[in-house]
Every structure is written in structure tokens, then in C-alpha cells.
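Chemist: When I checked Swiss-Prot for this same protein, it listed these features:
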- 37: active site, nucleophile (ACT_SITE)
- 40, 180, 181, 182, 183, 184, 204, 209, 210: substrate binding site (BINDING)
- 40: site 'Could have a critical role in the catalytic mechanism' (SITE)
- 88: site 'Could be involved in aa-tRNA binding' (SITE)
- 98: site 'Could be involved in aa-tRNA binding' (SITE)
- 180: site 'Could be involved in aa-tRNA binding' (SITE)
- 184: site 'Could have a critical role in the catalytic mechanism' (SITE)
């Protein structure tokens with residue numbers, strides 16, 4: 001992986017690209033898709049403000065990606081009733097959106113460029129990509145297992161975050177929670193097709209084991225040449241080199 005330091009008048013950010021192709025996309029700095037997770041204490045108003053300020057300074061165009069309705073599945077997997085889970089997700093995503101809108105407006109970005117997974121549910125490009133992911137999930141055991149492993153880590157991470165004692169993660173819990181992974185993956189492999197941009201980097205603060213496997217061509221699902229992944233951290237913290245093993249929602 002390639003590591004760079006980007007300096008501004010206010011804040012240092014460290015970036016790490018997943019592949020050499022990601023690094024080439026980064027050099028051109030045409031577009032970045034900033035990922036913001038719900039129920040993650042990192043994404044405070046101040047952090048989102050700093051992150052988006054950095055993104056607007058460094059890239060020609062900035063979009064923000066928020067969770068969709070599938071985030072409720074993780075809460076349901078841990079026992080939250082369906083209706084309550086949906087309400088909690090709507091409230092949290094609204095909070096994330098409000099902070100992102102405020103930051104984009106403050107730094108010259110476009111508040112209209114904030115999206116959730118669910119916004120594209122009926123879009124042809126997104127639906128085709130999701131079908132591609134779902135086909136691999138059902139046809140390739142090793143891809144299915146990798147997705148379920150990510151869901152397992154997310155369930156345990158969410159349980160830790162809420163101080164819940166989970167004795168065993170059942171198959172039903174995994175099947176419910178994995179919907180979030182499936183909904184998110186199209187933005188990892190081909191976000192330009194969805195957003196209508198030439199190329200982009202999906203920016204997040206951690207490595208992603210499943211993404212690393214995709215970038216190594218271990219599955220039928222492939223990252224497109226105009227798609228990259230970028231790990232971003234503030235200078236006083238370390239971009240973790242270990243594979244991601246915490247919740248993304």
C-alpha cells in the first residue's frame with residue numbers, strides 16, 4: 001500500500017491507497033466519495049467537518065455516502081424490533097446528513113452530493129451491480145463466507161459498542177446483517193457507474209479485509225479500473241495496517 005501525507009493550513013491527513021491503480025486515481029484527484037458510518041462515535045460533527053474540509057480542498061469534486069435502510073438489519077440481528085431499528089437508523093442517518101450538509105456548505109462543496117445506499121434502489125446501474133454481488137454471494141462459497149465473516153465482525157463490534165453480551169452469533173443473525181454488506185459493495189466496486197462520474201475513490205478510515213480480497217481478484221466480483229479505495233486518518237492517529245475487524249455501521 002502507498003502512504004502519503006497531505007497538509008493543509010488547519011489539519012494534516014494521512015492517506016493510504018489500496019492498490020497502485022488507486023494511487024494513480026488519487027494523483028488525479030478528480031472525485032472522492034466520503035463514507036460515513038452510522039452508530040460510530042468517530043463520526044462526530046467536528047470530525048465530519050474536518051474530513052469534508054480536507055476532501056473539498058484536495059479533490060475537484062466531493063460526494064458523501066451514508067448508510068441505507070439495510071443498516072437496520074444489524075440492529076435487528078441483535079434483537080431490536082424491526083420498527084424501532086428502522087426509526088433509529090433514520091434518526092442516525094439524518095444526523096450524519098445534517099453534519100455533512102453543514103460541512104459542505106461551509107467549505108464550498110455541494111450539499112446535493114450526499115447519498116444513501118437506498119437512494120439508488122431503483123437505479124439501473126446500482127441494481128445491476130447489486131445483482132452481480134448477489135450472484136457471487138450465492139454462487140461462490142468463498143465470497144459468501146468472506147461477506148458473512150464481515151457481518152460477524154460487524155455484529156460483535158456493534159454488540160461491544162452497546163455493551164451487549166453476545167454468546168453466539170447464529171446463522172440467522174448473519175444472514176440478516178449481511179444485507180448491509182451486499183448493499184454497500186456496489187459503491188466499492190463501481191461507484192462511478194452509480195454516481196455518473198469519471199472515476200472516484202471511496203474514502204474511509206480503516207482497511208477492509210473484504211475489499212482487500214476483492215482488489216487481489218480472489219472473487220468473481222471485481223473492482224473497476226476507475227474505482228479506488230482510500231484510507232484516510234488524521235496525522236495524530238495511525239492508519240491501521242491490519243484488516244478491518246470492526247463494525248462499519
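The backbone N, Cα and C atoms fix where each Cβ goes, and this holds for glycine too.
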Chemist: Hey, what's the Cβ neighbour count for residue 88 (site 'Could be involved in aa-tRNA binding') at 10 Å?
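Modeler: Around the Cβ of residue 88 (site 'Could be involved in aa-tRNA binding'), 16 other Cβ atoms lie within 10 Å.
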Chemist: So if I measure Cβ to Cβ from residue 181 (substrate binding site) and keep only same-chain residues at least 6 apart in sequence, which ones fall under 8 Å?
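Modeler: Non-local contacts for residue 181 (substrate binding site): 147, 150, 151, 154, 210.
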Chemist: What is the interatomic distance between the Cα atoms of residue 88 (site 'Could be involved in aa-tRNA binding') and residue 183 (substrate binding site), given in whole Å?
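Modeler: Roughly 18 Å, rounded to the nearest whole number.
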Chemist: Taking the Cα atoms as reference points, how far is residue 183 (substrate binding site) from residue 98 (site 'Could be involved in aa-tRNA binding') in Å?
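Modeler: Just about 22 Å between their Cα atoms.
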Chemist: How many Å separate the Cα atoms of residue 37 (active site, nucleophile) and residue 98 (site 'Could be involved in aa-tRNA binding')?
Modeler: 14
Chemist: Any idea which of the recorded positions 180, 204 has the thinnest Cβ neighbourhood at 10 Å?
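Modeler: Minimum Cβ neighbour count within 10 Å, taken over the recorded positions 180, 204, occurs at 204.
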Chemist: Using a Cβ-Cβ cut-off under 8 angstroms and a sequence gap of six or more, which residues of the chain neighbour residue 98 (site 'Could be involved in aa-tRNA binding')?
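Modeler: When sequence neighbours closer than 6 are ignored, residue 98 (site 'Could be involved in aa-tRNA binding') has nothing within Cβ distance under 8 Å.
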